[in-house]
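**Q** Dropping the structure in here first, questions after.
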Amino acid sequence: MNTRSALLGLHLGALAFGLSGIFGVMADTSPIAIVSGRALFAALALGMFLLAIRKPLRITVRHLPWPAVGGLLLGGHWLSFFESVRVSGVGIATLGFASFPAFTVLLEVLLLGERPRAREYLVVTLVSIGLLMVAPALDPSDSNTLGLLWGVLSGLLFALLSLLGRTSARHVDPIQAALGQNLVAMACSLPFAGATLQGLTTPQWFWVALLGILCTGLAHSLLITSLRVVKARNAAVIFALDPVYGIGFAWLLLKQPPTLGMLAGGSLIIFAVCMGATQSGSVQTPRTA
């Protein structure tokens with residue numbers, strides 16, 4: 001893979017992540033059913049990818065807690081994200097999730113004892129201001145505010161998942177870890193989603209399958225293979241476009257036009273994330289959204 005094809009793969013991966021909220025709306029079912037079905041198809045896609053590259057599973061019993069905890073965080077991240085989509089729409093959910101780099105900085109200080117630089121403090125500040133611009137009412141009874149809170153929770157859980165992945169990468173292959181996480185997320189959500197899944201129509205299953213195969217399995221595989229050629233900081237800048245894709249698709253396909261507050265706040269959040277990514281030598285790029 002050369003640099004051009006790697007960059008194309010990253011943009012396609014970011015595009016697929018940006019479609020997550022759209023496909024969730026099209027599936028027209030409960031968030032917990034989306035989580036369970038998405039995890040099922042993602043696990044199938046990742047398993048087929050491992051077979052295609054002939055990579056044997058090497059997760060030992062001693063390292064099982066990594067994908068187990070990661071699966072719980074992944075399931076919670078998806079559940080809160082699609083609840084945000086249900087409550088307030090794709091745009092606000094995507095912008096709420098985009099707060100995860102700020103949470104990553106804070107968690108590195110609180111959990112890992114790392115000392116942030118001045119620019120990272122600025123990233124946290126700008127992201128916070130951007131979120132306030134997206135939902136200035138700050139009223140929990142307001143659907144936009146409630147949806148934003150769910151989206152921010154999704155970003156927090158993803159930041160925890162990213163830090164876990166950073167720690168576990170020394171012990172477990174990223175693709176194998178993702179496969180294990182999806183299996184755990186499916187197993188934990190299935191008891192609550194089984195009845196709903198049984199009642200899904202063929203079109204609903206189609207959109208859920210796209211979420212798992214395109215927005216998770218394929219996107220994750222593109223990200224991992226592209227990072228062998230492209231620097232992580234450049235990948236992070238590309239994936240900062242995720243809210244742009246999400247808001248754009250919501251406007252075009254779902255007739256959910258962004259408000260001025262969403263445009264202004266979203267621009268500030270994206271600017272902050274890009275600024276942090278171009279400065280940092282070690283950035284976290286999304287595994288899923």
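Placed from the backbone N, Cα and C atoms, the Cβ positions cover glycine too.
Checked TrEMBL, it gives:
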DOMAIN    6-134  domain 'EamA'
TRANSMEM  7-26  transmembrane segment
TRANSMEM  32-52  transmembrane segment
TRANSMEM  64-81  transmembrane segment
TRANSMEM  87-109  transmembrane segment
TRANSMEM  121-138  transmembrane segment
TRANSMEM  144-165  transmembrane segment
DOMAIN    146-275  domain 'EamA'
TRANSMEM  177-198  transmembrane segment
TRANSMEM  204-223  transmembrane segment
TRANSMEM  235-254  transmembrane segment
TRANSMEM  260-278  transmembrane segment
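I'd like these features described in context: how deep, what's nearby, how far apart.
**A** Within its own chain, the transmembrane segment (7-26) has Cβ neighbours under 8 Å at 1, 34, 81-82, 85, 90, 93-94, 207-208, 210-211, 214-215, 218-220, 222-223, 225-226, 230, 235, 238-239, 241-246, 248-250, 253-254, 286, 288-289, counting only residues six or more beyond its boundaries.
Within the same chain, residues 18, 21-22, 24-25, 81, 115-116, 120-121, 123-124, 127-128, 130-131, 134-135, 143-144, 146-156, 158-160, 162-163, 240, 242-243, 246-247, 249-251, 254, 256, 258, 262, 265-266, 269-270, 272-273, 276-277, 283-284, 286, 289 sit at least 6 positions outside the transmembrane segment (87-109) and bring their C-beta atoms closer than 8 Å to a C-beta of that stretch.
Tertiary proximity for the transmembrane segment (121-138) is limited to same-chain residues at least six positions away from its ends with a CB under 8 Å from its CB atoms, namely 92, 95-96, 98-99, 101-102, 105-106, 144-145, 147-148, 152, 261-262, 264-269, 271-273, 275-276.
Across the domain 'EamA' (146-275), mean pLDDT in this model comes to 86.
Distant neighbours of the transmembrane segment (260-278): 91-92, 95, 98-99, 101-102, 105, 119-120, 122-123, 126-127, 129-136, 233, 236-237, 240-241, 243-244, 247; these residues of the same chain sit at least 6 beyond its ends, with a Cβ under 8 Å from one of its Cβ atoms.
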**Q** Taking 32-52, 64-81, 177-198, 235-254 as candidates, which has the most Cβ pairs under 8 Å with the transmembrane segment (204-223)?
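**A** So the stretch in question is 32-52.
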**Q** List the helix, strand and coil residue totals of the domain 'EamA' (146-275) as derived from DSSP.
**A** 110 helix, 0 strand, 20 coil
**Q** Would you say the transmembrane segment (177-198) and the transmembrane segment (32-52) are touching, if the rule is that at least three C-beta pairs must lie under 8 angstroms and be 6 or more residues apart?
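**A** With 3 or more qualifying Cβ pairs, these stretches touch.
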